[in-house]
Amino acid sequence: GFGCPNNYQCHRHCKSIPGRCGGYCGGWHRLRCTCYRCGGRREDVEDIFDIFDNEAADRF
């Protein structure tokens, strides 16, 4: 599920998505891969990938 709890695999997964520069594992037991847009501003985090259903949930 998008590599979490391994930050490196999550980051690589996010970089493969157009418009995303990376990602990190967070949430309960670090099982959620959160991707961020290029620019690195915290409020630009948009897509959250959950290891349980592997679907993107739009935050906005």
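Just so you know, glycine gets a Cβ as well, placed from its N, Cα and C.
Taken from Swiss-Prot as is:
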{"type": "DISULFID", "residues": "Cys4-Cys25", "note": "disulfide bond"}
{"type": "DISULFID", "residues": "Cys10-Cys33", "note": "disulfide bond"}
{"type": "DISULFID", "residues": "Cys14-Cys35", "note": "disulfide bond"}
{"type": "DISULFID", "residues": "Cys21-Cys38", "note": "disulfide bond"}
{"type": "MOD_RES", "residues": "Trp28", "note": "3-hydroxytryptophan"}
{"type": "MOD_RES", "residues": "Cys38", "note": "cysteine amide"}
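Feature map: annotations from Swiss-Prot on the structure.
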residue: Cys4; record: disulfide bond; DSSP (3 states): coil
residue: Cys10; record: disulfide bond; DSSP (3 states): helix
residue: Cys21; record: disulfide bond; DSSP (3 states): strand
residue: Trp28; record: 3-hydroxytryptophan; DSSP (3 states): helix
residue: Cys33; record: disulfide bond; DSSP (3 states): strand
residue: Cys38; record: disulfide bond; DSSP (3 states): coil
Between Cys25 (disulfide bond) and Cys10 (disulfide bond), the C-alpha gap once rounded to whole angstrom: 7
Number of Cβ atoms other than its own within 10 Å, given for Cys14 (disulfide bond): 22
Top Cα neighbour of Cys33 (disulfide bond) in the set of disulfide-bonded residues Cys4, Cys14, Cys21: Cys4
Minimum Cα separation from Cys21 (disulfide bond), reported as the residue among recorded positions Cys10, Trp28, Cys35 that achieves it: Cys35
Rounded distance in angstrom between the Cα atoms of Cys10 (disulfide bond) and Cys38 (disulfide bond): 16
Set of same-chain residues at least 6 away whose C-beta sits under 8 angstroms from Cys38 (disulfide bond): Gly19, Arg20, Cys21
Per-residue Cβ crowding (10 Å cut-off), top of disulfide-bonded residues Cys4, Cys21, Cys25, Cys33, Cys35: Cys33
By Cα-Cα distance, the member of disulfide-bonded residues Cys4, Cys14, Cys35 nearest the residue listed as '3-hydroxytryptophan': Cys4
Inter-residue Cα distance where the pair is Cys14 (disulfide bond) and Cys4 (disulfide bond), in Å: 12
